[in-house]
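Okay, here's the structure, questions in a sec.
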Amino acid sequence: GGEGEEGGAQQPTVFRVAFNQNAEHPQAQALTELSDALEERTDGAYALELYTDETLGDQAATIEQVQAGTIDFAMVAGSLLENFESDMSVVNLPYLYESPEHQMSVLNDEAIVGDLYDALLEDGIDVMAAYHGGVRNVYSSVGPVETPADLAGQKIRVIGSDTNVRMMELMGGVGTPMAQGEVYTAIQSGVLDGAENNPLIYSSLSHAEIAGFYSRTEHLMMPDYLIAAPSVMEGMDEETTAIFEELLAASVDTELERFAAAVEESVAAAEEAGAQFSDADVEAFREAVLPLHEERVTTERTQTIYDAIEAARG
Amino acid sequence: MATRKLMTTARAWLDGTLRAICVVLFAVLVLLVAWQVFTRLVLGEPSAWSEEAARYAFVWVSLIGIAIAVGEKADVIMDFLVERLPRSLQRVADIIAYLATLAFVLYVMVLGGLQQSMLAWAQKNPLLPLSQGQLYLVLPISGVLLSIYLLIHIVGTFSSRYVGHVGTPDEDLEAAAL
Amino acid sequence: MIDPGTITAILVGGLVLLLAIGAPVSISIALPSALCMLLIVDFDRGAITSAQQMLGGANSFALLAIPFFVLAGVIMNNGGIAERLVNLGRVLVGRTPAPLAQTNILANAIFGTVSGSAVASAAAVGSTMAPMQKKAGYDPAFSAAVNVASAPAGMLIPPSNTLIVYSLAAGGTSVGALFLAGYVPGILWALACAVVVFVYARRHPDLKGESFPGMAVFLTTLWRAVPSLGLIVVAIGGIVAGFFTPTEGSAIAVLYALGLSFVYRTISVKDLPRILYDACRTSAIVIFLIAVSTIMSYVMTYARLPQLIAESLFGWTDSKVVVLLIMMLVLLVIGIPLDPTPAILIFTPIFLPIAVSYGIDPVHFGIMMVFNLSIAVISPPSAPVLFVGAQVAKARLEPVIVKLVPFLIVLIVMLFVIVFVPQLSLWLPGVMGLL
Ligand code: NA
Ligand code: NA
């Protein structure tokens, strides 16, 4: 739990929140605002303290710290929760959402995903909210990518999982898992031809300098989750819980707006560093990747969620 | 005498087994990384699991390696102060140092490692057919091995053959390392 | 939770006390850190989180280069590959004083152009060169010190893992600019070491150079060294040409050296277990140290120590020079127990905004941080590069430290030159239009 639980009413409860990027990131900004509002609405009884820049360990490590109760909250990538509940993979499929708004509306809809998130409770993980984590696109040092044929033979760094390797195969390229810290040098020397990520990461990792062709394939929209130790909410009175949940819902919306603004800034910064942004034939890629949906939606629960997400398209 | 002989045999068996494990794991490690390059350059189908497997083989070989290193008293110490003490105080300093090491090993590696392993027992590894908890088991295993060696060393400081800290000439060190 | 003052006292006091009674360096860092964990969370969580941080600290693909390069070095020595290379080096730079020591520095600088890890460099170059130097009459402690002192040049000469980490922590400072900015300071690092060796050699006339043995000997030596040079072509060439990453290149180097040794029949299959075990033990000691230092960095982060240090240190002065001096001193001290990666992740977000407010370029600041922390990886007591360097040279730690002192002094002086002459860092990226 947070510090000061034993103290009197004067001592505020400060929750520790682990975050893997810097304090300027839209999610960090949204959480800081959430903390300010929470402090104000509870007369200073509750606040959040952010530990940014991965200083408490990588995201996988911070999940385990939440489980152990060493920290209270962590913002983590959706793919990592698949290791605890394999059905979580259904919401991380490529070409599943038509827009960030579509994504946020279904992933924060209790009726659609409530059952899925509850399954994580027995692992000691309480999903508080899903946040938009950007739209991932392909970038390359070779040239613009318009169709799957353009990716032929290109080694593109992907997240280390069979699903992501398979996705890149269907998209026409060669999915190559690699630790993020090695990617810059690997693209520079030619071990890799490119990678795939959202414009924020693309710009902040300086990958625009070595892989200047950023093509809007829009293949993945992987959510990030704010997770908590179950004891955190159990220790909160009803009134505060209501305030907290209201503020969480609002912060999901602010984060989405801030993310859009941050994408614009990142695109400008990357262009300044020499990047060329171009559109890709999204429909062609989507069709190429659709077989993956059938391969991975295999259980009754994932089928129900998949259908609900499809039904919520505008 | 029979007990001492038994102890010596047991110790030799433990050393030999651990060395063999390290050698095999290390060889596997080299082959895993070579395999990774091979699948990417020659087969054109980069393997997804080899990096993950290499990292865990590396963690295992390092943590089992440190147990034997401590067993052979090869861990890095700076004993230029202790060297100047009389033999009896050297013995006290050694015992405190071993107990300090044992305290850390038991608290963090055995207790903490075991709890962490249990906590992650059901957590799947995305690429390997083992759970995270199983991969984490190396910490308590290394902790138990370290504890055994530390107890042997502590007993050794009470032995009549305890020589304490004397400046080791480089030649001895080289001979000991081979 | 206990207060930051107590935590600092436990960490520093515990370290000093345990080192003094001859406890392992790793435990002198680990035990006080675990005790702090216990006090700031609770008994069970302290244990479990310390355990987790330890594993996380070791679980890194980039660290794999360490055992591989140690192994490649051991094989090259046993297989006679190293000897042929060093003989060639002697013929080429034989006339300078202490030629083998200078060759060692040059080898570390060249190695730095493919590897971003000082430990890997010290392992690969040191295990190749130390036995040669011993044979030629060099004091093993001195040759180890030369190798240790010059190995971090590769952390500044691109590519550099450490500069990439800084770029991330600094919120996306151009990696390209940082890489270019690292060249001059990296070369200056190597030159500083060369100067110290030069001065040392003048006092040790027995290490004077040899005259050029003539064209015939040169050609024979070159011919004999061709297969050995193949190792450099395959490993370094493969990395530069983009066939594999530096970490993968280290494994390829192992296989090449092994294959060549089998051809030379200098190593047989039954020698392999001993060679593998030798390399395994050396790297295990270093990895364990890196793993436990992660617990300390977690404790410091969790207790917000760096922020408190910053608040208490910078409040009273407005002078840019004083602020920079304080920052550099804090980093030199903090680098004693911490690895550069956590030190950069923890301190960049705190120091960089202050530095920028004084008009310091983030690229320049990154170079001074990495230069500073490169000194830390060779300064005792906690110094992975120093341990590897001493291990591969089969030298005791204390005499190596003594021989290392002049290098440390010159490098610290060089650090302040880098800090107060921004052009040394910013000129090259400026010329290339990256600023
Ligand atoms: Na380098
Ligand atoms: Na140090």
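Using N, Cα and C of the backbone, Cβ positions are placed for all residues, glycine too.
Straight from TrEMBL, here's the annotation block:
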DOMAIN    C:13-424  domain 'TRAP C4-dicarboxylate transport system permease DctM subunit'
TRANSMEM  C:12-40  transmembrane segment
TRANSMEM  C:61-82  transmembrane segment
TRANSMEM  C:105-125  transmembrane segment
TRANSMEM  C:177-201  transmembrane segment
TRANSMEM  C:222-244  transmembrane segment
TRANSMEM  C:250-267  transmembrane segment
TRANSMEM  C:279-301  transmembrane segment
TRANSMEM  C:321-338  transmembrane segment
TRANSMEM  C:343-360  transmembrane segment
TRANSMEM  C:366-388  transmembrane segment
TRANSMEM  C:400-421  transmembrane segment
Between the transmembrane segment (C:400-421) and the transmembrane segment (C:222-244), do 3 or more CB pairs sit under 8 angstroms, pairs being 6 or more residues apart?
no
Okay, the transmembrane segment (C:250-267) and the transmembrane segment (C:12-40): do they have at least three CB pairs under 8 Å, pairs separated by 6 or more?
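Contact between the transmembrane segment (C:250-267) and the transmembrane segment (C:12-40): absent, because fewer than 3 Cβ pairs are under 8 Å.
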Most CB pairs under 8 Å with the transmembrane segment (C:366-388): which of C:250-267, C:321-338, C:400-421?
C:321-338
Name the range, of those listed as C:61-82, C:105-125, C:177-201, C:343-360, that has the largest tally of Cβ pairs under 8 Å with the transmembrane segment (C:279-301).
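Ranking C:61-82, C:105-125, C:177-201, C:343-360 by Cβ pairs under 8 Å to the transmembrane segment (C:279-301) puts C:61-82 first.
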Counting Cβ pairs under 8 Å that sit 6 or more residues apart, are there three or more between the transmembrane segment (C:177-201) and the transmembrane segment (C:250-267)?
no
Is it the case that the transmembrane segment (C:61-82) and the transmembrane segment (C:250-267) have 3 or more CB pairs under 8 Å, with pairs at least 6 apart in sequence?
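By the criterion, they touch.
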